[in-house]
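Per TrEMBL, these features apply:
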BINDING   R204, D220, Y268, Y281  substrate binding site
BINDING   R204, N223, H224  S-adenosyl-L-methionine binding site
DOMAIN    302-426  domain 'Rubisco LSMT substrate-binding'
Amino acid sequence: MSTVFFSVSPPSPSFPPQFHFKSFKHLSPLKTTLKRPLLSTTTRSSLHVDPLESDPPLPPSVRTFWKWLAEEGVVSSTCPVPRRLWINPDTVAASEIGYRCADLKPWVAVYLFLIREKMRGNLPWRFYIDILPERTDSTLYWSEEELAEIKGTLLLRMTREMKEHVESQHHKVKEEIMSRHEQQFPSSITLDGFLWAFIMPKSRALSHLRGQLVMLPLVDLINHSASITREDNAEEINGPAGLFSWDLLFCLKSTMPVKEGEQVVIQYGLKKSNADLAFYYGFVEPNTNRDSYTLTFNISELDPFHREKLDIAAANDLGETAYFDIFMDRPLPPAILPYLRLVALQEADAFLLEPVYRKSIWKTLELPVSHVNEELVCKMVIDACESALSGYRTTVEQDEKLIQEGNLGYKLEIAVTVRVGEKRVLQQIEGIVKEKEAQLDKLEYYHERRLKELGLVGEEDETYCQPKKDSIPTL
């Protein structure tokens, strides 16, 4: 096992885990892996990097970046990255604009810090920022013509919503901070610049065991590989961070054997769908286990039992709107059917919402409640799938033919892979539920189960007027 050590920062607020799309701005933007891997191993499992001796030579900015790392003591047998070179919310708080950003969300403050440093071009960040790509293949950078290829997909919705979010945050920062403190903030921080500052940490920041995200020069060049099937590639240990200093070190491990000279790679996230990979990093995998679709359901505000249903959902970590990620060839999420049965409860079954049933209601909802309720659940899911499938511009068969013919452009390949994957999952869900719908008359519902529990139904389903003698508790 190969191990590389990097310093880590003290704990700060927890953020959703993001992973990193690795490229230099001077290398081809259409490739998601480095043509010249910078991180590889030696027979002693230490870090072996020698870009200054590469043939053909690397771009001047990369060579300068490497020299800077060497001068900062990063290029060594243990590769500690000093705290002064990390970029995270703590970095912003300690900077000269920290007090200006105190009321911003932590990572919005990082966006502002990054674009400001890019515009200023000052040390110590200049050499690092100079090698960051100007653009990535994230769908945030796709043209309207390119986005048309993912019409109907969740990826398109995600892209549109995130663009609106970035625009609103840029407007907020511009109005509340930049315009009021023009001496500290260049007037040329545009929406495009702010978008760049948004996607860099989203695609490059590395999370460690404390749940914090941090951008680490050199470390964030680690590439992804589908061959890595584990995510336990990092841990924290105490170790030497310099000649006379001791600190927490970020330990990056290869989870599989690496031969001498091979590139060190990691897994960006086993739970990420192809839509996630396309959005954050600008690539997809051909594996069907990355195919996913998120079904969304909600408790209507017009529901006469809205408050009761909302309380029950909240008690089970769900809300008025619930999102269920469903992957190809995997079982439905355990909570989806109880939630839908809750949503579908009507007058005849509303007694289950009474306080006396609250402690056991979710367990009750894990099994069919009534024929009417289960029929409505099936209808809700089937309608959702058919509605989603009607929004795509192509069929599964048309997309499969395009993939078989090959010669797709890079972005079109991403688009086709994502949209066909979503449609396959939707068809899978619809097939499962239609099969269930066909068996509704054969299911056992709440009243039948309850009668059996009370001993009022015999082995041949005959119904007794009173409990059998052996079912009556002895005093």
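Using the three backbone atoms N, Cα and C, a Cβ is placed for every residue, glycine included.
The two recorded residues, N223 (S-adenosyl-L-methionine binding site) and Y281 (substrate binding site), have Cα atoms 11 Å apart. Taking DSSP states H, G and I as helix and E and B as strand, the domain 'Rubisco LSMT substrate-binding' (302-426) has 80 helix, 7 strand, 38 coil. The separation of H224 (S-adenosyl-L-methionine binding site) from Y268 (substrate binding site), Cα to Cα, is 6 Å. Using a 10 Å radius centred on the Cβ of N223 (S-adenosyl-L-methionine binding site) and all shown protein chains, the other Cβ atoms total 19. H224 (S-adenosyl-L-methionine binding site) is surrounded by 22 other CB atoms, counting those within 10 A of its CB over all protein chains shown. Neighbour counts of Cβ atoms within 10 Å were compared across the binding-site residues R204, D220, Y268, Y281; the minimum falls on D220.
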